[in-house]
Amino acid sequence: MVSPSESRPPYLSSYGDEDAWSPRLKREEFVPAKREYSLFTKCLAEFLGDLTFVFVGVMQAAAGGDGITHAALAHGFTIFILVTAFGHISGGHFNPAVSWAIAGAGKMPAIHLPFYVGAQLLGGTCGAFLAAAILSNAQLYVIGAGATLLSDGTQWWQGLISETVVTFFLVHTILISAADSDSVTLAPLAIGLTLSIDIFATGAITGASMNPARSLGPNIVASALLPSSLQVWNYHYIYWAGPLLGSTIALCVYKLFEAREDRIVS
């Protein structure tokens, strides 16, 4: 009779002399160690993600259709795919406001933050220029190069509140679903749906950017290629201040519920 040790399957040969059929073999020994990617690779993932995100955002605007619905679905599906594809590499932030909160939550070294933000802004700008290279001048003018602007009649403080609130919803969802290992498998879906809902809610007010990298690139393209009458920089600060403020509030709320051992569930 052949012993279990002698009949060990070849794909378990890396486990040394441990009997393949021994009950002492723990489940964790079958799970490969998580690969640690370099900072360059992580930044490259963020760059490619933002390039794709902004490119899709600009191109879908040129496609026409039902404006808000079209934008909400396009951005939601895109971020769902990007977080699924790149989340295991860089965390799938694609947003300086998200990286700010993730670093503040202690889920990423703070020293990585400026590199992430730089990659995100550069990726968003390249995505906007890539879209501009494909679209005609007439198409680019109609959509304002995809720049996020306040709607007519909206005051600056209304835009600021709008961007703050929807960014809070988005970042809070990310911190709860992606930073919490218990629900990380549902994170891409939760993030994509939240982004879509936020665009449905405030897309007609501010464009529902929630992301400085989404706003900066198209604004640069608009100011470089379109008439200055568009005034794309007049309220651009809202698309930085709002997301960063909303992200900071979300981080503070997350901190209130972070310590599980101190929670009492009634």
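Glycine is no exception: its Cβ is also placed from the backbone N, Cα and C atoms.
Whatever TrEMBL says is automated annotation, not expert-curated.
Small disclaimer: the values here were computed from a predicted structure and weren't measured.
Now, the feature entries from TrEMBL:
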- 43-62: transmembrane segment (TRANSMEM)
- 68-89: transmembrane segment (TRANSMEM)
- 110-136: transmembrane segment (TRANSMEM)
- 156-179: transmembrane segment (TRANSMEM)
- 186-208: transmembrane segment (TRANSMEM)
- 237-257: transmembrane segment (TRANSMEM)
How about the transmembrane segment (68-89) and the transmembrane segment (186-208): at least 3 CB pairs under 8 Å, pairs 6 or more apart in sequence, or not?
yes
With CB pairs under 8 Å as the measure, which of the listed stretches 43-62, 110-136, 156-179, 186-208 comes out on top against the transmembrane segment (237-257)?
156-179
